[in-house]
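Over in Swiss-Prot, the protein carries these features:
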SIGNAL    1-24  signal peptide
DISULFID  35-59  disulfide bond
DISULFID  38-88  disulfide bond
DISULFID  56-110  disulfide bond
DISULFID  60-112  disulfide bond
CARBOHYD  80  N-linked glycosylation site
DISULFID  87-115  disulfide bond
CARBOHYD  106  N-linked glycosylation site
């Protein structure tokens, strides 16, 4: 019975040390900061010319999962992994003219939706 108390004490000490270390880390230490949320960001290149031009930047979700066998049967080139994703795109925009005659889209609202143009 005495040996169980020793094991319980060791486990409690280990757990309390682990929790202390976990709480002492800065907030968001384990989150990826490479890809911010989907939002409007000023385009510095086109905004130099007077009128601020905004575009949607950031990340949405993507996931991959094994392709079901019945779906693989219908594929011309069967693939073992299926992936889905959504991209940060403009929900609303206005047309703007910069540099005299170049027409660009000035995004006014962003959301996550179907990816039309993939970056490699």
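Cβ from N, Cα, C; glycine included.
These numbers come from a predicted model, not from an experiment.
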Pairwise CA distance, residue 56 (disulfide bond) versus residue 88 (disulfide bond), rounded so that it is a whole Å: 6
Nonlocal neighbours by CB distance (under 8 Å) for residue 88 (disulfide bond), same chain, sequence gap 6 or more: 38, 39, 56, 57, 58, 59, 60, 110, 111, 112
Distance [Cα-Cα, Å, rounded] between residue 106 (N-linked glycosylation site) and residue 87 (disulfide bond): 18
Residue 87 (disulfide bond), number of other Cβ atoms within 10 Å: 20
Cα-Cα distance linking residue 87 (disulfide bond) and residue 80 (N-linked glycosylation site), given in Å to the nearest integer: 23
Pairwise Cα distance for residue 87 (disulfide bond)/residue 35 (disulfide bond) [Å, integer]: 12
Inter-residue Cα distance where the pair is residue 115 (disulfide bond) and residue 35 (disulfide bond), in Å: 16
Of 35, 38, 56, 60, 112 (the disulfide-bonded residues), the residue whose Cβ has the fewest other Cβ atoms within 10 Å: 35
Least Cβ-crowded entry, counting other Cβ within 10 Å, from the glycosylation sites listed as 80, 106: 80
